[in-house]
Amino acid sequence: MNSGRSTEEFTIEKRGVLLIEDPLLNKGTAFTQEERVKHGLLGLLPPHVDTLEEQEERAYEAFCDFHTDIDKHIFLRQLQDENETLFYRLLLEHITEMMPIVYTPVVGLACQRFSHIYRRPRGIFISYPERDSMDAIFENIEHDVDVIVVTDGERILGLGDQGVGGMGIPIGKLSLYTLCGGVDPAKTLPIVLDLGTNNQERLDDPRYIGWRENRIKGAEYDAFIEQFVTAVKKRFPHVLLQWEDFASVDAERIIDKYRDDLCTFNDDIQGTAAVTTGTILAAITAAGGKLVDQNIVMLGAGSAGVGICLQLKQAMIDNGHSEAEARSHFYVIDRDGLLHSGRTDLDPLHQKLAQSPENLKGWDCDVTGTISFADVVRNSKPGVLVGATGQAGAFTEEIIREMAKHTNRPVIFPLSNPTSRAEAIPSDLLKWTDGKAVIATGSPFDPVEYNGVTHYIAQCNNSYIFPAMGLGILASRARRVTDSMFMAAAFALKETSPALKDPAASLLPSLTTIREVGRKIARAVAAAAIEAGVADSITEEEIDQRIEETMWTPEY
Ligand SMILES: NC(=O)c1ccc[n+]([C@@H]2O[C@H](COP(=O)([O-])OP(=O)(O)OC[C@H]3O[C@@H](n4cnc5c(N)ncnc54)[C@H](O)[C@@H]3O)[C@@H](O)[C@H]2O)c1
Ligand SMILES: O=C(O)C[C@H](O)C(=O)O
Ligand SMILES: [Mn+2]
């Protein structure tokens, strides 16, 4: 196991104040007397020598003294910038309480308030006017990097364009790479591409610390991305590059262009698809059903919605169904209603999910024009309903009651983040379905009591996938990221579902077991990478050994 890092290795160069100011090396009050003498720390620290446990207890006490989520977030981010070992130890001890503070939903607020709560830099900022200095920017990063998460800040959760404030997302996602996937924090790099913002509130804010211009789009945008990918490949040829929270049209174009060019994936498309496929499979299996017997309604046809449906469709095809047969089970709805082949406005990607007119015969509405969400639910009688719209309240009482009329265990996933953007809240869904709904949400929700029964709400968030994906990729040294690796991750996740053993349990395992779940998914991902020929062949034992070697644990 890769635990802590040896002070010996690093302190050759860093002594005294510089050592204490490096969050990757700092131990604060836990530097031993011997280390204090050796590394020029005498007098720079109070006399008592703490253990990591004592430091963690003090930090937790301080955390509890903050009463708002944003203050708690600021405290934890500061701790991360002071002492990463302590930060991760604290998070591991209190993962259920603290993950929502460093990640979804509070990270959304932190992005909105980024320019106001800013303390010190982390990662790299590449702004449009500095586009010709990318190589110089990367040269300023002196350490090895295994994983980059990059955003351009245009679609931050369901909160829209946050410009440079989007940096909160790569920082939060990489914290989870370490917390959940055991990736060494010293080998991670958050990046924001600052191509301006069209958010007028940010542009008008005197505190805004991004490039104060409207967004660059079109050919200039594509040229900038090309420069970025070229610079990444030059400086870190083997890095895993994760794209996060780009506007749908850019997200899809970018991943299509670069997926065979370096080790890369888009989390909103592929990570979300895998977690949702795994969770839906768990829900259906727990209810004794089969995927191919389900009609699936997807509200929202952006990165997440399309990614999810394409992976589920592939899972049906892998199970022996024809493409047309598999497609007939999906009812995907965008702002203009159901995607169907009678529509002339569908791009090639959406055409892959368009319903054929034959399948709409006998519907009680006009099927030649706009077919609404209500029309679709009433006529298709879905067993599964997923929301990825970013629109709070999009799952109305009327529609949910209609769905519940036709199925015993309606599977309902309002996946939009943060909490304020959920398509419906679990307590309403249980009320409207008289306790029958099987629920998973994108943001965390407390368990709900309904008629004396406690319902545990799974958090169907790509956080169950991307950290484990990273671990599997690093352990197998995969050179590319294939769809088959995401399919393997989805099936491995499904196998960890507590609901498979106890239908009353949550669909997804508790966060307290996340590192164990991550190991299982990583094993499956590594095996799939070898199978796909994008990693060199090694035995299962070697995979396990590499996973343990890669896993970093917060210890001094
Ligand atoms: N739980 C997770 O792991 C997870 C992962 C990715 C995205 N998300 C969430 O999903 C939401 C969407 O993300 P995305 O990347 O797909 O964004 P996106 O902008 O690519 O897609 C949203 C789509 O929803 C459509 N839409 C909006 N309102 C609608 C309505 N009333 N009816 C039908 N369609 C409507 C939009 O036209 C757009 O196509 C966000 O809130 C995001 O936070 C959750
Ligand atoms: O960030 C999250 O919580 C999940 C997802 O990537 C999103 O964009 O909503
Ligand atoms: Mn995202």
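Keep in mind that glycine also has a Cβ here, set from the backbone N, Cα and C atoms.
TrEMBL labels come from automatic prediction, so no person has curated them.
Given the structure is predicted, the values throughout are model-derived calculations rather than measurements.
For 80-259, the entry in TrEMBL reads domain 'Malic enzyme N-terminal'.
Taking Cβ-Cβ distances under 8 Å and a sequence gap of 6 or more within the same chain, the neighbours of Tyr103 (active site, proton donor) are Gly172, Lys173, Ser175, Leu176, Ser463. What TrEMBL records for Tyr103 is active site, proton donor.
Taking a C-beta cut-off of under 8 angstroms and a sequence separation of 6 or more, Asn417 ((S)-malate binding site) has the following same-chain neighbours: Thr104, Pro105, Gly108, Leu157, Gly158, Gly442, Ser443, Asn461. Residues or ranges marked as (S)-malate binding site by TrEMBL: Arg155, Asn417, Asn461.
Just so you know, the Cβ of Lys173 (active site, proton acceptor) picks up 28 other Cβ atoms within 10 Å once every protein chain is counted. Residues or ranges marked as active site, proton acceptor in TrEMBL: Lys173.
Classification of Asp268 (divalent metal cation binding site) by DSSP places it within a helix. Taken from TrEMBL, the feature divalent metal cation binding site covers Glu244, Asp245, Asp268.
If you look up TrEMBL, you'll see 269-530 marked as domain 'Malic enzyme NAD-binding'.
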Cα-Cα distance linking Arg155 ((S)-malate binding site) and Glu244 (divalent metal cation binding site), given in Å to the nearest integer:
9
Excluding Arg155, Asn417, Asn461 themselves, which residues in that chain have a Cβ inside 8 Å of the centre of the Cβ atoms defining the (S)-malate site?
Thr104, Leu157, Gly158, Asp245, Asp268, Thr272, Ala304, Leu415, Ser416, Pro418, Gly442, Asn462
Three-state secondary structure, Lys173 (active site, proton acceptor) (per DSSP):
helix
To what whole number does the mean pLDDT across the domain 'Malic enzyme NAD-binding' (269-530) round?
97
Let me know the largest Cα to Cα distance in Å among the (S)-malate-binding residues Arg155, Asn417, Asn461, as an integer.
16
Inter-residue Cα distance where the pair is Arg155 ((S)-malate binding site) and Asp245 (divalent metal cation binding site), in Å:
5
Binding-site residues near ligand 1 among Arg155, Glu244, Asp268, Asn417 (Cβ under 6 Å):
Arg155, Asp268, Asn417
Please check the recorded positions Tyr103, Lys173, Glu244 against ligand 3 and give me the ones with CB under 6 A, sequence order.
Glu244
